[in-house]
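Pulled from TrEMBL, these are the features on record:
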{"type": "DOMAIN", "residues": "B:62-386", "note": "domain 'Tryptophan synthase beta chain-like PALP'"}
{"type": "MOD_RES", "residues": "B:96", "note": "N6-(pyridoxal phosphate)lysine"}
């Protein structure tokens with residue numbers, strides 16, 4: 001098993017603060033700018049980095065992340081370039097865990113075994129594959145785990161207690177609790193309900209439980225981070241990319257806009273339990 | 001008949017037809033898919049469910065649809081005898097209603113009154129809006145913005161029937177994007193919503209369920225052919241977009257190995273161009289919309305847009321059972337291009353006084369190629385799965401006729 005994820009969560013536990021998990025899209029708005037964005041995330045306060053693998057048909061994503069994926073694809077992003085992005089990041093940072101997030105088809109077409117090997121070589125720590133539920137574990141989850149990579153599962157409000165053990169089996173790294181029934185970037189639901197759900201999941205597992213979908217501000221992060229082991233922010237960051245563009249192209253301000261927002265939300269994360 | 005070597009046994013418990021099918025959905029939807037699977041199994045085992053389905057098919061849809069011997073078409077082509085399974089005479093004008101009746105009864109049984117659906121040409125949207133009106137359920141239809149434009153008569157029909165139409169601009173604004181959008185709706189409204197998928201694709205149990213509801217087409221054909229000719233046909237031909245009318249005709253015949261079976265894909269402007277929808281002939285296996293199947297995609301696993309004169313065939317995937325039948329060699333899949341379909345559309349209109357939809361016009365173009373090469377005592381059955389009222393504007397445009405200039 002790659003060690004970065006467990007080491008990072010253990011260190012955060014010792015500090016008694018939640019993890020700040022940031023999501024950005026590989027190749028958005030172009031490969032070079034995306035590299036700058038990713039490279040600067042740890043300095044801005046990110047503890048774990050999720051990198052989206054763009055897909056033409058992102059069924060579980062809202063408009064912000066759909067648009068980010070489309071920008072990346074239009075700029076020529078593909079799976080090979082996404083792995084290169086990780087490889088370049090690893091030259092400078094060997095501690096921050098990297099999770100690739102996306103849909104199964106691009107991996108399937110790349111070739112499962114080759115993708116696992118290349119991802120390991122690039123310095124990837126784990127995967128979140130939205131359309132691979134436990135029922136399809138043989139496809140990719142089991143081969144990835146066998147090679148020491150983390151397979152991080154989504155648990156949803158519709159995942160009841162009877163189903164949770166199924167979802168939590170073959171899961172490692174952390175559990176990603178989807179805060180609502182909906183797509184990424186929707187309105188955040190009641191924080192008290194979310195806290196109850198985190199507690200419910202923790203009754204079934206020793207893994208850290210991070211919460212995502214709908215967390216957009218430092219204040220959201222502070223409230224959710226009080227109970228969760230980590231907060232995931234994605235749509236807000238890709239929207240910061242979008243807002244910084246001129247005629248669809250990156251500006252001198254693009255990477256900075258993302259890093260400033262990350263730094264701001266990081267303050268909320270760090271204040272969650274103080 | 002359905003022994004070990006039967007081709008009619010699929011799918012297995014995991015929703016696989018051989019290597020194809022499956023349940024590739026987000027965790028939020030997985031419990032719903034499992035619930036649907038259970039509910040469908042229970043419904044299938046309940047005689048009352050079948051009774052109500054049969055009653056509505058007979059009295060509301062107008063089944064059985066006739067098996068019509070096309071005498072003039074047969075004479076014109078000078079070969080095999082040609083029969084049409086006339087599902088275009090169904091209420092709402094296509095085979096889509098068969099599946100909608102089955103699924104709305106299931107939605108009612110499951111206590112999920114809000115119905116959502118995707119539509120391309122609008123035939124499935126109209127059929128869904130129709131059964132929702134009949135059962136008093138609210139209905140939301142996702143339709144690509146491009147399709148809303150090119151299928152205006154069907155959009156108006158759906159609105160008359162009380163459905164809310166949501167034009168989809170995400171992605172490229174066609175059928176696959178409508179399906180993405182319907183899935184996003186479902187993942188958001190999990191408690192009261194039933195997703196009424198219109199084709200034999202999507203996550204298990206949809207491909208099986210839609211096929212079962214459409215199999216009435218093939219079952220009737222078998223009986224009617226016995227009555228008319230005292231034997232099975234030599235060949236079945238049907239158009240495949242997602243593949244629901246075709247699997248409905250084919251499935252009851254899969255183990256009758258003497259019956260040749262041909263599925264016809266939309267060849268658009270030709271397979272040597274980017275503008276076609278021939279996922280089986282020109283695509284490769286991948287995972288989209290909950291199942292593994294043949295897809296039009298690039299080297300990176302990004303899904304390509306299909307293109308066809310027929311909005312109903314304009315989908316870059318195909319039902320997983322067709323992928324299985326292709327690889328097993330049981331069914332032959334061939335492309336027909338826009339021009340050939342349009343010529344067949346006109347031919348049927350003139351020879352038999354039947355205006356077909358552009359979807360079965362593709363199947364007909366294949367009949368036109370095959371029948372002359374066959375003996376006069378051989379028999380072809382083609383699924384005439386939709387009527388062409390909705391397509392007269394498109395046809396006029398392609399034939400260079402301005403309907404406003406009269």
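Any Cβ shown, glycine's included, is placed from N, Cα and C.
Just so it is clear, the model here is predicted, and its values are computed rather than measured.
Sequence-distant contacts (6 or more apart, same chain, Cβ under 8 Å) of residue B:96 (N6-(pyridoxal phosphate)lysine) comprise B:123, B:124, B:126, B:127, B:128, B:198, B:244, B:386.
Mean pLDDT, taken over the domain 'Tryptophan synthase beta chain-like PALP' (B:62-386), works out to 96 on the 0 to 100 scale. When secondary structure is read from DSSP and collapsed to three states, the residue listed as 'N6-(pyridoxal phosphate)lysine' falls in the helix class.
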